[in-house]
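Data block below; observations after.
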Amino acid sequence: MDSFVSCPYDITHRVPQSRIQAHIVKCKDKRPLWMKCPYNATHIMARNKFMIHLSTCPSRLQMQCDYKTEMSPINVPQVQKQLEPETDPEMWDD
């Protein structure tokens, strides 16, 4: 069974976890001054709490880890400049 969560726009709205994003789309039209977290679309808050949320958002850590992943250098194979002649003693092309 799906657990219920509160709507970020109105805590009296209790919605199943699987339906929260659909509910948020309907509920946001009534509150145009609220802001959405860039790290998690289900985090929505009043403008005066937005900056505090950005610095404490748990989803922010996941995003930062993804960006800090270091790439290892790619080894590109050396391309042979000239074709070597075929040296097979059983040449059938002659």
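A Cβ is built for glycine as well, from the same backbone N, Cα and C atoms used for every other residue.
For 4-31 (among others), the entry in TrEMBL reads domain 'CHHC U11-48K-type'. Note on the domain 'CHHC U11-48K-type' (4-31): residues 41-45 of its chain, located 6 or more positions outside it, place their CB under 8 angstroms from a CB of the stretch.
Taken from TrEMBL, the feature domain 'CHHC U11-48K-type' applies to 34-61 (among others). For the domain 'CHHC U11-48K-type' (34-61), the model's pLDDT averages out at 87.
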